[in-house]
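Over in TrEMBL, the protein carries these features:
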ACT_SITE  A:25  active site, proton donor
ACT_SITE  A:159  active site, nucleophile
BINDING   A:86, A:106, A:140, A:141, A:142  substrate binding site
BINDING   A:138  Mn(2+) binding site
Ligand SMILES: [Mn+2]
Ligand SMILES: [Mn+2]
Ligand SMILES: [Mn+2]
């Protein structure tokens, strides 16, 4: 480990006792949900992981220090401060040097988790190849991170404002395994499925853990995606959501919104159209992913010891 | 080495005695040729390598174990079983964990060869950037593997159903050297040349070996391509083959075939149009590549000892 | 270090005494400027670096040997010989094995600097994503090198014949930090700004050094860009230069110039249109970058000792 990292007492003890640890990101706290739902969800998710026999490690930058595991005070700073930068791979070194706060994206959380030797990370959804990336080259750094950093990401797929087909092509080219948890279809965040097959279906946490164990046991660099569909009772109707997105894409076109402005515009339109339902869905899927991720971490930990 | 790998006696002895070893892939056996030509070709190619003073190591997954060097029984399983998955980078960990059979692609064979410290690998042709990849992002994982894994691939270029120009751009961006063996033009599998120049012409196995020795001696990560044109007597006429491809591309368009379905469609059309000739050509070029690859392995082995 | 590298006495002594060293590339000498301005500029730049308390290390291949630091005789060979290849990542191993001369590009200079443990490198401008790369996939190997090799590049941005927007997207996807030195805008070589924001503004060499120190202290692989705008008195008018480029792009279209022939055509048109001004500008910006780069190297060296 290096001087830029601080482990919480809970995480340090877990590591000393070789207990399974599950990393959690902080963008969802700072930029993904309103206060106080963000703090409440973060603590609920941590508790779900503890209930499964693993130890949660929420990751963020505070005053330039990479925190692996947050105290109540630290979580509160992160959840309420206006001055928390979004930290992806390109941002971590500057924010650390400048002593800033940062909420870690999927890519940056993977980096920090790997620094602390935590191989399992739970989040809502990963970034991907944006619609129109053939022209804009707007491709999330999350995908490159999956190609290089040894951390498995348990998520509910990627939001369908992205181009899921191109995202799967990119991951195939980079050799990143995408496993569907009890599904053959890539889930699309708010919906349980999409038009795209995953590479493999796994029906038990143990199967996913065995695959990770084999990958890293062979010294094959890089991560993996375990895609767990949103619980059925919270899933949105596929036609409704794709109708909303199509409409928003068209509206963006009419308003002359292009390039990097498109994604925030689409996300806001979806939120407006789906109201409170999208927040409830987001919370439900993260909790479900925490359960699956903790089970995978427990299983992987047994194999590694 | 790791517990997922088993070396055959021949390969283990060769490595102990520091003899040159040449890796061979198994997709050509399971998915590239019909039985019994596939078994016969595999054994003929191995013998050519032995005749040049090197030791062949055909690579495949059997019951989840990575085999470096196959016995007659193992080769037969691979050649005849209906239940052999195509194994690329993304697939290796799952197939290993699930205890499945797998025929390794160029990318996966490179990975397994590198695990067993075999720096030279002979195959028919590499994957590349697909026609239309500007939109489909359909790019073979072989190219990323060449960028990262220290194995040289001796082949007859890439099939002209791919976009060879974009493939060369991709390799240049990734810094992968492409050497032409006694040629200045990139060969296109069934034909001896294409519109695209290689980066360097080499006229002796020793020149290629010296380049590899320099590359890895400088700790420059990644592989290299040594492109050896199909023997003249088996080469197809460039106009005939590009006519066939153009026609097939058009037919695919008319039939509404898009995306990932295009490549298998094109390959089948070529096979139909060229009949037995394409199988003979495929066998001839692999044998020729084996001869060149073995000579490079012998030369490189001398430099490394 | 490896047998393919030779350090000059000045550089070897500097390294033994743990003094800061600044790498310099040689493409600008062999292919970027006419004789004798190229030799004069190279020596002037080296002196600027010495005046700042650092040691210059101009990098090139001579007779296949990687030279870190050039004597007067060696610089003269490089500056006058007709037989100096342009050496990027894909070229280094072959040129070394074949015993050739080579002028190192940004990518290759980064590789050689990293071999010699020199973390700071000064140049004029980096390569990038070419205009039309959505179709041509013409993307400089410099960008991939920035993603993988631990060397900071101090430059004046990238020439506006490139697609600067796509270049920034590519660097973001790869997680490469782009810092603006006393600016929030990406400079565009001949001009002080562009339409694209950098990731972070730094106002002191120490800030850039602290970011690099954090990045590598966290074991985050890859380089960084520190973009220092051309001195105001040498900057060209943004409208003039973009007018020249637009015109040249149109002319290339009319003449049917496509693919890899476009860039040299555009560069020559710019040179014709801007005459001696572009050479003066080029010299001025490299000198300014040397000053900034040396200050960063001095600051980083203090942090590392
Ligand atoms: Mn983006
Ligand atoms: Mn593909
Ligand atoms: Mn190029």
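Glycine too: its Cβ is placed from the backbone N, Cα and C atoms.
Separating the Cα atoms of residue A:159 (active site, nucleophile) and residue A:138 (Mn(2+) binding site) is a whole-number distance of 15 Å. Taking each Cβ in turn and tallying the other Cβ atoms within 10 Å, the top scorer among the recorded positions A:86, A:159 is A:159. If you draw a 10 Å sphere around the CB of residue A:141 (substrate binding site), it holds 23 other CB atoms from the protein chains shown. Less than 6 Å separates the Cβ from ligand 1 in the case of A:138, drawn from the recorded positions A:25, A:86, A:106, A:138, A:142, A:159 in sequence order. According to DSSP, residue A:140 (substrate binding site) is assigned to coil rather than to any helix or strand. Checking the binding-site residues A:106, A:140, A:141 against chain C with a Cβ-Cβ cut-off of under 8 Å leaves A:140, A:141. The record assigns A:86, A:106, A:140, A:141, A:142 to the substrate binding site, and the maximum Cα to Cα distance across that set is 13 Å.
Around the Cβ of residue A:140 (substrate binding site), a 10 Å sphere holds 25 further Cβ atoms from the protein chains shown.
Distance between Cα atoms for residue A:138 (Mn(2+) binding site) and residue A:25 (active site, proton donor): 22 Å, as a whole number. A count of other CB atoms within 10 A of each Cβ picks out A:25 as the most crowded of the recorded positions A:25, A:138. The Cβ of residue A:142 (substrate binding site) lies under 8 Å from the Cβ of A:105, A:106, A:107, A:110, A:126, A:127, A:128, each on the same chain and at least six residues away in sequence. Following the DSSP three-state reduction, the secondary structure of residue A:106 (substrate binding site) is helix. Annotated substrate site A:86, A:106, A:140, A:141, A:142; additional same-chain residues within 8 Å of its Cβ mean position, judged by their own Cβ, are A:88, A:89, A:105, A:107, A:108, A:126, A:127, A:145.
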